[in-house]
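One structure is given below, encoded as structure tokens.
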Amino acid sequence: MTSTGQDSTTTRQRRSRQNPQSPPQDSSVTSKRNIKKGAVPRSIPNLAEVKKKGKMKKLGQAMEEDLIVGLQGMDLNLEAEALAGTGLVLDEQLNEFHCLWDDSFPEGPERLHAIKEQLIQEGLLDRCVSFQARFAEKEELMLVHSLEYIDLMETTQYMNEGELRVLADTYDSVYLHPNSYSCACLASGSVLRLVDAVLGAEIRNGMAIIRPPGHHAQHSLMDGYCMFNHVAVAARYAQQKHRIRRVLIVDWDVHHGQGTQFTFDQDPSVLYFSIHRYEQGRFWPHLKASNWSTTGFGQGQGYTINVPWNQVGMRDADYIAAFLHVLLPVALEFQPQLVLVAAGFDALQGDPKGEMAATPAGFAQLTHLLMGLAGGKLILSLEGGYNLRALAEGVSASLHTLLGDPCPMLESPGAPCRSAQASVSCALEALEPFWEVLVRSTETVERDNMEEDNVEESEEEGPWEPPVLPILTWPVLQSRTGLVYDQNMMNHCNLWDSHHPEVPQRILRIMCRLEELGLAGRCLTLTPRPATEAELLTCHSAEYVGHLRATEKMKTRELHRESSNFDSIYICPSTFACAQLATGAACRLVEAVLSGEVLNGAAVVRPPGHHAEQDAACGFCFFNSVAVAARHAQTISGHALRILIVDWDVHHGNGTQHMFEDDPSVLYVSLHRYDHGTFFPMGDEGASSQIGRAAGTGFTVNVAWNGPRMGDADYLAAWHRLVLPIAYEFNPELVLVSAGFDAARGDPLGGCQVSPEGYAHLTHLLMGLASGRIILILEGGYNLTSISESMAACTRSLLGDPPPLLTLPRPPLSGALASITETIQVHRRYWRSLRVMKVEDREGPSSSKLVTKKAPQPAKPRLAERMTTREKKVLEAGMGKVTSASFGEESTPGQTNSETAVVALTQDQPSEAATGGATLAQTISEAAIGGAMLGQTTSEEAVGGATPDQTTSEETVGGAILDQTTSEDAVGGATLGQTTSEEAVGGATLAQTTSEAAMEGATLDQTTSEEAPGGTELIQTPLASSTDHQTPPTSPVQGTTPQISPSTLIGSLRTLELGSESQGASESQAPGEENLLGEAAGGQDMADSMLMQGSRGLTDQAIFYAVTPLPWCPHLVAVCPIPAAGLDVTQPCGDCGTIQENWVCLSCYQVYCGRYINGHMLQHHGNSGHPLVLSYIDLSAWCYYCQAYVHHQALLDVKNIAHQNKFGEDMPHPH
């Protein structure tokens, strides 16, 4: 592909350049591009042929109408009215208690006074919906606390100071006042009032500004300034009264909320996430249960998440990294219906307790990230915070965000420090067995490479100085969202092909949908203008602009000839004016955003632009609207504005990439189908290895999908693991989105499955950047219903509506994870935010002990994952090699080798575990071999996890019952039984080795209120026993479990073996001849089929598919008229003479046998480049370049002739 500044001759030559592994192609065929005139002879149709084509056109309309009806039947939930309003509880009665014997006690009434003054000063009280605080009833408090404890606290109302002090001294870090009980009841009741308001649809979200705090309070224990656990009571209250099944509790207080954790650590209906200062247990509350290794017990395993900070001075980038890499992916899989935040602000810079360096703007970002969950049902409950100014500003910033104000830009975001990277990596290691979305969330690197990274980080980071925090301000906007559109852009049309996918109706249908939903009326409509000559010349050559302008006066025949000089282009007399108007509209929107006229905007424009090069039109594009808009923004701002361009069009934006590849002020990120270089625009420009050049090295980021079916889970995984970490580190001042919607489900070109809800979430997550200054500019998208619904969903997000609930039917595909990982590996040297890695110790771990545990009942459909703890085993089939990874006790990377987490694949292993049955590199528990999973179960009631009574003792795989055999566990120095078994699986040797695991002194990291006053004693307690009488009782010691017998595992592998061959075909073959599957009827590569239906919880290897033909193909122009002699479906192969199974080429009408006979048609395609062939067996048409079946009205004529010859009658209907 041409680079910036090359002439059009080079541009035309680029079209014939092929991937070295791709079949040869002649000049008559291009991908997603028109055939060059004269390359393939075409006769002029006579009147009879024209009439017949008209008849076939009517038949073809039925299929298109069915597609539209199907899309219209999607449950897009866009008509639902978005809730508005932020609730606030702030009651003066909560200040009626203080420490009687210590006036300097940090938790005092002045905390709420400072907050109230700040909110009044910023005018926030008037913008909120105020709610009267109420007292929590005893019955409500008893949802979490014991009646005896509540009664004891009630008696404090009548105690004198001496008695209060004596009682307080029996607890850790508390004081008591005669009004403490009533204020604690009022604080809990305040949160419950907001729960009623949010779940009762009175408001969208809310904040309870209360004291005393609550997250340290336990079942029967006062602790850490806390009497009653407000968020814990609120969670149980929501479940009991409002029938909420799944609650997410986020605790960002600098102290670990052990009281909340202990309340729910065996409950899969509550996901608890805490990010706190730990310092290897040296920081209060000094509990091992506060470390990353504690993930819950019993059915609650995996539902407790701790990200411990092991040093002070942690910054915004560290907190954001934990949210992006850990919390958000897990929360999306969990699917909470309500989010509660234990919102302590003692991690803010200047707080005497926390000694951290987070900023109010950082907490605004965290709040914004959480607002995308649970349909926006979010409640913040004040916990700690003891620097009055920092506390007031932190509360104010979070409340601004709840109200819909844009997040302030971070002053010095940078990247997470090495200590934060270690903590996040350890948390991911501990959680990966329990959450499908976290599979391969960290990648293994050798210790030598990690040491090189550490040297680089030391050089890059340098000594850190606390920034001088500015006074945060929020813009006063006339309108929130600008909308630019002009019907005149519909004048650009194809004069020769009315069925070309880039039709004028694209923008009309979008605008009609925006108006139907009332979204257009909520936006500020901006009048577009044509781009000026100077604006166009910032990205395009004067010669090219003049050349395109000259087309306005060309005749039809000249326009047709001119169109053939470019890739996939049609030109009409109005093309130049429309392209100029589309680009000018984008520039007008940039002006409105940068001037503060609007916060963000959407440009509904055509023709698209991201393929347009400096001196050449390409791929339906003439002027690169996004690129010109970016340069215009830098021009009017007067400096090299940092601009992030995100291109989520399914095709790689080659033109945009080339225009900024040497410019570090513009970060270009593209997610697109690449298919090993065979998907348009073809070549290697869209590969992950393309990183920019010169000063722009590292500022070009390509996530190259190597297949179809990419959906919400895949794009969000890329967002969390790659796009957002880099974006926050870059810290853009403006975000431009090349918003093509051809990756949407139902699009005829993309073959992907992104939903409108998915696009809404992608948009929302980007809105935290650049102070909310984001502009969406329409690119591709060729299903009118899909693009209309998708743009409407994005517009709602821009307007501040919470993203709709997003149910992910499956985890990310293995192919998607491979693409994301490939890009991360390329870019981790340029972006420190990507260095969340496992460490490969070349010497191996000092201990090979493997401790397995029994999963009582899976709260998620990954039963097998729950059969190993953080000490994981990597199994390599065919080699008999087992790599055991043992985490040292409460360790993190950076400690001694014996305490280092090591889980790695060998160097020569492929990156994906199950490819053609050749290599198996999965944990025993995962057992996803041959494309299926052991013991998958689903719960109809709990999307993100099973209900508490869900039990499983036998798992059915492929129709076979796999009994979980058990053995006795020796505890207290004894070892688990060692079992070794080798059996042949598909020709490979599978060696199952379970190493010894010493369980000396195993304890649970938990305190109990009755036996450990002060919350410091660590005691051993048994796990809850299983409720299923068929399941053997679990071991009473955490970390021990009966093992799966070798015979059971081998039997399951044999059951699953059948799927490995078909799965391996698509992922292991090169994009050359061997991957041109599907020539024979029914022989299409399943990975290239359109997804029709799937079972929730299944991996990509186990999804069920049906072959669905594409309704349009860019290579249909290569179909030539039928020869006068007609077709003979009995004609033998032109090479070998077989009549067994033959295909006819639709360009030259030669007949050859299929790939499963002698493969002569495949050879013909390789020699001629002719793309489309028709099966004489079932009359299906196959396109080699699209790697898909195609059914379009252009094929109906030849299909009907073949049908007549085969059956003696016309086709009754399209099939």
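Backbone N, Cα and C define each Cβ position, glycine as well.
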Site from Thr30, Thr260, Thr444, Thr1040 that Swiss-Prot describes as phosphothreonine, others unannotated there: Thr1040
So which of Thr295, Thr556, Thr1008, Thr1027 shows up as phosphothreonine in Swiss-Prot? Thr1027
Feature phosphoserine, as given in Swiss-Prot - residue among Ser22, Ser1045: Ser22
Can you identify, from 67-76, 597-606, 627-636, the stretch that Swiss-Prot calls motif 'Nuclear export signal'? 67-76
So which of Thr892, Thr947, Thr1021, Thr1041 shows up as phosphothreonine in Swiss-Prot? Thr1021
Per Swiss-Prot, the candidate from Thr852, Thr1007, Thr1016 carrying the annotation phosphothreonine: Thr1016
For which of Ser755, Ser1035 does Swiss-Prot record the feature phosphoserine? Ser1035
Roughly how many Å lie between the Cα atoms of Cys1153 (Zn(2+) 2 binding site) and His611 (active site, 2), rounded to a whole value? 38
Setting Cys1133, Cys1136, Cys1153, His1160 aside, what same-chain residues sit with their Cβ within 8 Å of the center of the Cβ atoms that define the Zn(2+) 2 site, listed in sequence order? Pro1132, Gly1134, Asp1135, Gly1137, Thr1138, Asn1142, Tyr1152, Ile1157, Asn1158, Gly1159, Met1161
Reduced to three states, what secondary structure does DSSP give Cys1153 (Zn(2+) 2 binding site)? strand
Please identify which of Cys1133, Cys1153 has the densest Cβ environment, defined as other Cβ atoms within 10 Å, among these binding-site residues. Cys1153
His216 (active site, 1): which of the recorded positions His611, Cys1133, Cys1136, His1160 is the nearest Cα neighbour? His611
From the binding-site residues Cys1133, Cys1136, His1160, pick the residue whose C-alpha lies nearest to the C-alpha of His611 (active site, 2). His1160
Over the region 'Histone deacetylase 1' (87-404), what is the model's mean pLDDT? 97
So which of the recorded positions is most packed in, judged by how many other Cβ atoms lie within 10 Å of its Cβ, out of His611, His1160? His611
Around the Cβ of Cys1136 (Zn(2+) 2 binding site), other Cβ atoms found within 10 Å total 13
